[in-house]
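Notes follow the structure.
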């Protein structure tokens, strides 16, 4: 008799929802602290501004200007006005996007029900279990219904997460600007706390909804865990399908506005970034939140949901599921629960234990978050593995059961966690202007835009090498120790610190918006310097976040691929057979096709934006002199219309490919397509994201002029700077649209194939059957 886990079932039933509740409560607490900063002029205390200075954290301080003596309360009103304009722009976009996403969700939910229900002719009779020979499982119609419900749950959770993240970001941007008047430390804490609200809210709500779904579905399924966790995979599909629209739609929106604002404003008109005279400036600031907050939030939620689902599916047909051991079965959820607590402790280091006082302390403070969360989480994983797993158990491994020890599973999760950190820091090395790769790209601008583009592309290709080795090592070790379940929990390990990762990632757009508001409100140069410093650190951490997202996507996709192959009844995927090889070729081509669509979409939208911005500069008298106001609303509308229209073809490509290939060519060809897309997509995603990030920071390196080398390349408006702006503009769709969207492509195709695997295994390969 195999020893049971130390942690009893009742304790597990309590730990997961309590951890989720703690995460939500902590998010609310951070929101309350941020809300103490008022975006309205406060009555002056008698005796002047000095008497208004209060508590250490700045919560009770009045919004006074610092020693520069700028006491104009109109600044505060202006900030509030700009904040409202940004908020209205993004709410309008989101509601339009969600209408289309809702329509898609309804159609796809019907497809899931019809395809899966038709396997047994919509019969309500119990069916023989796929894995547990001799046992009967719930009818296919029930699996179809519950998969559909899980899909809708995942989709709604993803949409709500993105919406709340956006609301929090716009709530915090002007507050960060106003706090910058008191010092860089106050502004940093406001921006970081706001990011933490989103991070903890998303991590906790994702965990809680999944936990509730498992328990509610369990009331019907009873002992049929095979059917229960097969149905739960719909949750991952729902999360990722909405993330696709968020990433692609948001990415097209933000880059159309950014490219239009930069090309006409900076290059042609020689005005600063975020200058209020630029008609595209509000659309640009809306775009930062749409792409980097809603898009990234939905993306990482999708990864989390899929890695949990992949692990649960494999566990349900391993000894955990066969013997109905609840605590080991919930091991993926226990990892996420401990992750929330680990991230909570980590956050306190940035907001309470160590105070940021100088500009050069910002980036180290953010990097410390990654290191501390990884170290604390390693201890947490060890604890969960000891308490939540029996010492010896078996894991399903393509038809056989592999004997595994609890310490081996600990190593699988830990290798994923630390590989994420390695990928993060390698990404930082290639995209931060503190290191030689970006400085070399900046230096290449001396001879014009062409050499800048050549150096940037080379940097992107080179930056793929170490992350791929890190992913390959993680896969080899985790698969060797615990088969596909090991790969799934390695992906979960990489995502276990999702709350901290999202907090750092959301911090970037909030700081970027804060800088834009400072510029538009006409605040002093010193305040803009502080917001620029916050933004520069945010740019680097955003690149680290994208590295995490891509790395975890590779592991998640492989785990889902393994679950799909098992469920479809494929014993080996032989690349020498023509069915598989043609799939490999087509799959490897798909990321290029998808990238071409998204890049062209940004180009088309940017073309309209450039024409509109030029038209306004040429036809509105007094615009350049600052005596007339630009028409911001038209630019916001151009970005919204373009992104909604252009996100449909790439979305259709990703969602229809598995359905068409699986139905017409069968599961073997589909397995080739998934493998090809995974191998090709990861490389392009890393290279595109890092190339764009390097060009962006090379431009910022020249603009900041912080070193003698940087000063020799500047100042703003020089030929060297213009070459850097062109590189940055080319890189915008690479790093914020095509690159980040590719990790959703590889995950989404894999999870969709897993959900529809029973249908493909029964009816797939129509063309080959005819021939």
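For all residues, glycine too, the Cβ spot is worked out from N, Cα and C.
What TrEMBL says about a protein is an automatic prediction, not a curated fact.
Some features that TrEMBL has for this protein:
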type: TRANSMEM; residues: 14-34; note: transmembrane segment
type: TRANSMEM; residues: 100-119; note: transmembrane segment
type: TRANSMEM; residues: 139-166; note: transmembrane segment
type: TRANSMEM; residues: 187-214; note: transmembrane segment
type: TRANSMEM; residues: 329-350; note: transmembrane segment
type: TRANSMEM; residues: 370-387; note: transmembrane segment
type: TRANSMEM; residues: 407-431; note: transmembrane segment
type: TRANSMEM; residues: 452-476; note: transmembrane segment
type: TRANSMEM; residues: 482-504; note: transmembrane segment
type: TRANSMEM; residues: 548-570; note: transmembrane segment
type: TRANSMEM; residues: 576-594; note: transmembrane segment
type: TRANSMEM; residues: 744-768; note: transmembrane segment
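If one looks beyond the transmembrane segment (14-34) by at least 6 residues along the same chain, the residues whose Cβ comes under 8 Å of a Cβ in the stretch are 7, 57, 59, 168, 171-172, 175, 190, 193-194, 196-201, 203-205, 207-208, 211, 330, 333-334, 336-338, 340-341, 344, 347, 351, 499. Contact check: the transmembrane segment (100-119) against the transmembrane segment (744-768) gives at least three Cβ pairs closer than 8 Å, residues 6 or more apart, which meets the contact criterion. Contact counts against the transmembrane segment (370-387), taken as Cβ pairs under 8 Å, peak for 407-431 among the stretches 187-214, 407-431, 482-504, 576-594, 744-768. Here the transmembrane segment (187-214) has Cβ contacts under 8 Å with residues 16-17, 19-24, 26-28, 30-31, 33-34, 37, 57-58, 149-150, 153, 157, 160-161, 164-165, 168-169, 171-172, 175-177, 179-180, 228-229, 232, 235, 239, 293, 297, 300-301, 304-305, 308, 312, 333, 336-337, 339-340, 343-344, 347, 350-351, 356, 362, 365, 498-507, 510-511, 514, 530-531, 534, 538 of the same chain, all six or more residues outside its ends. Three or more CB pairs closer than 8 A are found between the transmembrane segment (744-768) and the transmembrane segment (548-570), so contact between the two stretches is assigned (pairs 6 or more residues apart).
Below 8 A, the CB atoms of the transmembrane segment (548-570) and the transmembrane segment (407-431) form 3+ pairs separated by six or more positions in the chain.
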